[in-house]
């Protein structure tokens, strides 16, 4: 077990992108970088080698599912926190697309631009978690949702989190400000420690919200499942990635399971938000048919009396009819209840890493 903030043991177990830009410079390697003990085998498509084929497929699935969730969220015009939760899904979509490019090898690990993209990925991860926490405050109605105050506070807090993680990550990869590939305490703190605290804060806030303001307790199940999927993905990635990879002959590794579990956790966030919000159908007639309530039948003229019908007119006179989806029970939208300053551009993967066999 290494010291606090050391990525040596982590990177040998888990094939995470930043491992290509941290670690000591040895006499054998041409640059920094820690290669995992086992990683998923590459695939070849149109004379192009693609890293992490299974994980890349899951990234594409995650993009499709995010689009579906966004369409559902945008369809609930009057739901509480609609614009705020939409920002969360947009950030997740951008992070997933960038992770797809990095994991699949579209951005080569030995290129000069690779550390910058990994730093952006770290910044987006922190911004995503911060955005989720700010969304957690919306339910307490401390301020009006959807207003410039709410939206700009969400954007500014997420942007600050992005800038902090991006700068700390870039300083670590480029040996700036006392940080470096062998001094990774800073990026460890902002990526793991602070983000874990924010996620814990979000879970506690939502439990308080459900138990104290809502009569329905089913949303607690969404929180529990989301927490389970996220923790399971992290445990598989950082504790069992190499054994799984070796056990199934390099076809999959922990990154595939972590990507899948992260998607399921995000889907539980959507399910939780959907279960504690409802919309006012009176203001959603643009996407739903027959939402009008008929107060009274129109008076019949002489020419209408000549129409042949098997129903007697007096039966319908003076009665009220209502279209589906409306009624007096509809309520307003709301909640239901080294010392060497050597510039490095990442390591050059070993010949086995470029092979299609492993």
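Backbone N, Cα and C atoms are what each Cβ position is placed from, and that goes for glycine too.
Counting only same-chain residues 6+ beyond the ends of the transmembrane segment (49-69), those with a CB under 8 A from a CB of the stretch are 15, 39-43, 89, 92-93, 96-97, 99-100, 103-105, 251-253, 255-256, 259-260, 262-263, 266-267, 270, 354, 356. Per Swiss-Prot, transmembrane segment is recorded for 49-69 (among others), and the stated evidence type is sequence analysis.
Among the features that Swiss-Prot reports, transmembrane segment is placed at 88-108 (among others).
Taken from Swiss-Prot, the feature transmembrane segment covers 117-137 (among others), and the record attributes it to sequence analysis.
Remote same-chain residues near the transmembrane segment (159-179) are listed as 18, 21-22, 115-116, 118-120, 122-127, 129-130, 186-187, 190-191, 338, 341-344 (criterion: CB distance under 8 Å, separation of at least six residues from the stretch ends). Here Swiss-Prot flags 159-179 (among others) as transmembrane segment.
As annotated by Swiss-Prot, transmembrane segment applies to 185-205 (among others), with the evidence given as sequence analysis. Away from its own ends, the transmembrane segment (185-205) comes close to residues 4-7, 18, 22, 122, 125-126, 129-130, 132-133, 136-137, 139-140, 164-165, 168-169, 171-172, 179, 223, 227, 230 of its chain (Cβ-Cβ under 8 Å, at least six residues beyond either end).
Taken from Swiss-Prot, the feature transmembrane segment covers 220-240 (among others), and the record attributes it to sequence analysis.
Listed as Cβ neighbours of the transmembrane segment (250-270) (distance under 8 Å, sequence separation of 6 or more from its ends, same chain) are residues 13-16, 36, 38-41, 52, 54-55, 58-59, 61-62, 65-66, 69, 72-73, 85, 88-89, 92, 99, 103, 132, 222-223, 225-227, 229-230, 232-234, 236-238, 240-242, 244, 358. The transmembrane segment annotation in Swiss-Prot covers 250-270 (among others), and the record cites sequence analysis as its basis.
As annotated by Swiss-Prot, region 'Disordered' applies to 321-358.
The feature compositional bias 'Polar residues' is assigned by Swiss-Prot to 347-358.
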What same-chain residues lie close to the transmembrane segment (220-240): Cβ under 8 Å, and 6 or more beyond its ends?
10, 13-14, 16, 199, 203, 206-207, 210-211, 254-255, 257-262, 264-265, 268-269, 271-272, 275
